[in-house]
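Peer 1: Straight out of Swiss-Prot:
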BINDING   70, 74, 77  [4Fe-4S] cluster binding site
BINDING   114, 145, 205, 278  [2Fe-2S] cluster binding site
DOMAIN    55-274  domain 'Radical SAM core'
């Protein structure tokens, strides 16, 4: 009996160029999300193979360079000064310490170093050390990503001039549900910063969180908002809520059905076919089987390391074991996709 080259057969199913669209309707997106599960996953995996190596996952590491004391009231966040989470506020880290952490992350297999500061927006005096961090990470041959809150046009330009590759600024959920999660800023504020970042020539990392009390419609609308931007975010992180004691949402949060989470990953892959879709926070609550389904649905990026800002992460040894079981290898191309750029 002749053997069948399954990888080649699977790739043969993905022999066309993915269609990039910015005009998705509510009805179209909802129909995809609610499609029979096998059909949804098949479509997402087929589209995934048109632009990416299906067995390679991009690895990032995230560091909190300034913890706590944030003026925003995000209902899920332990770093908000509005909530009693017993998390002390810290000063901005010394850039040398940040760069030291980036070296360790690179040695562990990370190709992108993400740095987060718990601010509503950075003050002008904060920009010099932040820029030093960006330049230091870039000097290591890594991609640099920052999340600092809302930016002015000038701050975005300074970051671009320093060589920042990505700016993370999540929209969290749908516009309709947003005020149930955050009241100190508007959904429009988020979109305004995304526009400034893109205008400055920085790539955008933008996604959301599942488990905030939203409905499936909100998940669909969140992704439709991103897919209908003039330029798709180059990275789309999908987080599962980790309820943190002392935050308002923790008191009412209910776990997300695993299949609903996987459906969200698949919809992101289908509507934004050339973006990295990141399986982000919440992996400690996911079984290996659930993570495998997420990769099958088109997730191709994770955070490595033991922590994500103030929440736990599986750690390198568990991720290596999972990758070995699934035949996945870390993507070591410093952000250049196997079949083209995002």
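Just so you know, glycine gets a Cβ as well, placed from its N, Cα and C.
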Peer 1: Provide, as an integer number of angstrom, the distance between the C-alpha atoms of residue 278 ([2Fe-2S] cluster binding site) and residue 77 ([4Fe-4S] cluster binding site).
Peer 2: 20
Peer 1: Tally every other Cβ atom lying within 10 Å of the Cβ atom of residue 205 ([2Fe-2S] cluster binding site).
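Peer 2: Step by step: centre on the Cβ of residue 205 ([2Fe-2S] cluster binding site), count other Cβ atoms within 10 Å, giving 28.
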Peer 1: Neighbourhood of the [2Fe-2S] cluster site (114, 145, 205, 278): other residues with Cβ within 8 Å of the Cβ centroid, in order?
Peer 2: 60, 62, 112, 147, 166, 168, 235, 237
Peer 1: Got a sec? Which of these binding-site residues, 70, 74, 77, 114, 145, has the most Cβ atoms within 10 Å?
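Peer 2: The residue with the densest Cβ neighbourhood is 114.
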Peer 1: Could you state the CA-to-CA distance between residue 77 ([4Fe-4S] cluster binding site) and residue 145 ([2Fe-2S] cluster binding site) to the nearest Å?
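Peer 2: Here the two Cα atoms lie 20 Å apart.
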Peer 1: Any idea what the Cα distance is from residue 205 ([2Fe-2S] cluster binding site) over to residue 74 ([4Fe-4S] cluster binding site), rounded to a whole Å?
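Peer 2: Residue 205 ([2Fe-2S] cluster binding site) to residue 74 ([4Fe-4S] cluster binding site), Cα-Cα distance: 19 Å.
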Peer 1: C-alpha of residue 114 ([2Fe-2S] cluster binding site) to C-alpha of residue 74 ([4Fe-4S] cluster binding site): distance in Å?
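Peer 2: Cα of residue 114 ([2Fe-2S] cluster binding site) to Cα of residue 74 ([4Fe-4S] cluster binding site) measures 20 Å after rounding.
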Peer 1: Given residue 70 ([4Fe-4S] cluster binding site) and residue 145 ([2Fe-2S] cluster binding site), what distance in Å do their CA atoms have, once rounded to a whole number?
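Peer 2: About 20 Å separates the two Cα atoms.
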Peer 1: Please average pLDDT over the domain 'Radical SAM core' (55-274) for the predicted structure.
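Peer 2: Its mean pLDDT is 93.
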